[in-house]
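Beneath this line is the structure, given in structure tokens, with notes to follow.
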Amino acid sequence: MTYIQEILETVKRKNPGELEFHQAVQEVLESLEPVIEKHPEYKKAKILERIVEPERAITFRVAWMDDKGEVQVNRGYRVQFNSAIGPYKGGLRFHPSVNFGVLKFLAFEQIFKNSLTTLPIGGGKGGSDFDPKGKSDAEIMRFCQSFMTELSKYIGPDTDVPAGDIGVGAREIGYLFGQYKRLKNEYTGVLTGKGLKWGGSLIRPEATGYGCVYFAQEMLATRYETFEGKICVVSGSGNVAQYTVEKLNELGAKVVTLSDSNGYIYDPEGIGPEKLEFVKELKNVRRGRISEYAEKYGVGYFEGQKPWNVKCDCAFPSATQNELGSEDAQALVNNGCMLVSEGANMPTVPEGVDIFLNAKILYGPGKAANAGGVATSALEMSQNSMRLSWTREEVDEKLKQIMKSIHKSAYEASKEYGHPGNYVLGANIAGFKKVADAMIEQGLI
Ligand SMILES: NC(=O)C1=CN([C@@H]2O[C@H](COP(=O)(O)OP(=O)(O)OC[C@H]3O[C@@H](n4cnc5c(N)ncnc54)[C@H](O)[C@@H]3O)[C@@H](O)[C@H]2O)C=CC1
Ligand SMILES: O=C(O)CCC(=O)C(=O)O
């Protein structure tokens, strides 16, 4: 057994049943094999053995009352994985599928993603198995207040700064922030993704989707290509999907699909700006299903299916982990897809990633392609500390430059290690080195 395999076996033994966590660790460790060979100091300091163990993982009871006056109980979590280069930073996910395995995979990915942004932020993630679907605003507020009452003991603007993820958007961040302020009697940047009137940053809502498209633009440029006239397939219809579509429209592409957990819509005419406004209102205000788009515009709706069989030039998985299987990956390649840029975290199964890499299409893994969201969160933290606000143009320009720099460092690392254009390898290596060096310099902790 190799050194890397031994560590992986230990991770599996110590974290039984946490399949998503095993998957994320395996991908990163396999990429790091040549780095460990080149840098014996990492092996001596047992960096890999340490980096796969969270610094702290908290679970807590969240009791709240529903509109009928009945008591409900959920489980809350925060995984504080690595603080070598900055305070823990990463979103909160409210979804019934949330458990330690899912949050540990997300927090682990966040370590390398946050390092790639070049900004001083460590890796964390949290959430709850609470299902916001079908809940009233009052129920969401009571849940958020109870959740924050416990979480507030472990976070702070210089310790751990949560944000949104699946099921946590502007509304939830508002209720969480209000409760933190009430408990601590202080007005600090303890969360990002805040409302613009009370400490939020312009462009943060757009940042993950826009950033994912900027990263894709950089990949396309290596082949002297642009988005003009490209047919694009997007999955999901939440925050990341919406702003991915918005930026693709601006750049002259045509987006033909969106989805939710019930199915996908196919609009061959393209989801232009006006139709996108309908989606935003449908999903962010009325909180309805994407099938309503098909009814309104008279296009196809495919219940229980994913959009990966639709012929396209570029694909943007923007819903959830492992939403793109190996058959889906093969279908995309067979249909001539030349680029996949991941808005979601780990949306492609490992066999699918291999299919993309072997086919030599442009493949941007989530930890590089979707890093614009957390990078802009770090810009929100900077603005909060300085007590000022940058303009929309300033933040957007910084986001563009950060995505360019992430692309450059991932590309250069892939070249240095003999696989130019393999962004999986490049992102893992470039993200790892800064954290590993910081861990060594800070001693045995
Ligand atoms: N919001 C952010 O800034 C960032 C989000 N991400 C990732 O992007 C992805 C989407 O997140 P958001 O758009 O923020 O969440 P959201 O809650 O706004 O939207 C989630 C979307 O995914 C769909 N979805 C959720 N679970 C699904 C399932 N099991 N099957 C099919 N569809 C499903 C939902 O229907 C919805 O359209 C997640 O993987 C998240 O971790 C990554 C980086 C930053
Ligand atoms: O903005 C943040 O802090 C969190 C973003 C996030 O959860 C992610 O990058 O997956």
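Glycine is no exception: its Cβ is also placed from the backbone N, Cα and C atoms.
The annotation substrate binding site is assigned in TrEMBL to K89, Q110, K113, G164, S377. On its own chain, K89 (substrate binding site) has Q110, N114, I121, G122, G123, G124, D160, V161, A163, V374, S377, A378 as residues at least 6 apart in sequence with a Cβ closer than 8 Å to its own Cβ. For the recorded site, K89 (substrate binding site), the DSSP three-state label reads strand.
Sequence-distant neighbours of K125 (active site, proton donor): residues of the same chain at least 6 apart with a C-beta under 8 Å from its C-beta are R78, V79, F81, G90, G91, L92, R93, L103, K104, L106, A107, Q110, D165. Look at TrEMBL and you will find K125 tagged as active site, proton donor.
Classification of D165 (site 'Important for catalysis') by DSSP places it within a strand. If you look up TrEMBL, you'll see D165 marked as site 'Important for catalysis'.
Under the heading NAD(+) binding site, TrEMBL lists T208, N239. Around the Cβ of T208 (NAD(+) binding site), a 10 Å sphere holds 29 further Cβ atoms from the protein chains shown.
Cβ neighbour counts within 10 Å, taken over all protein chains shown, single out S377 as the most crowded of the binding-site residues Q110, N239, S377. Cβ neighbour count for G164 (substrate binding site) (all protein chains, 10 Å cutoff from its Cβ): 26. Within the set of recorded positions K89, G164, D165, T208, N239, S377, K89, D165, S377 have a CB atom less than 6 Å from some atom of ligand 2. Apart from K89, Q110, K113, G164, S377, the residues listed for substrate, the same chain places the Cβ atoms of G90, G91, N114, I121, G124, K125, A163, T192, G373, V374 within 8 Å of the centroid of those Cβ atoms.
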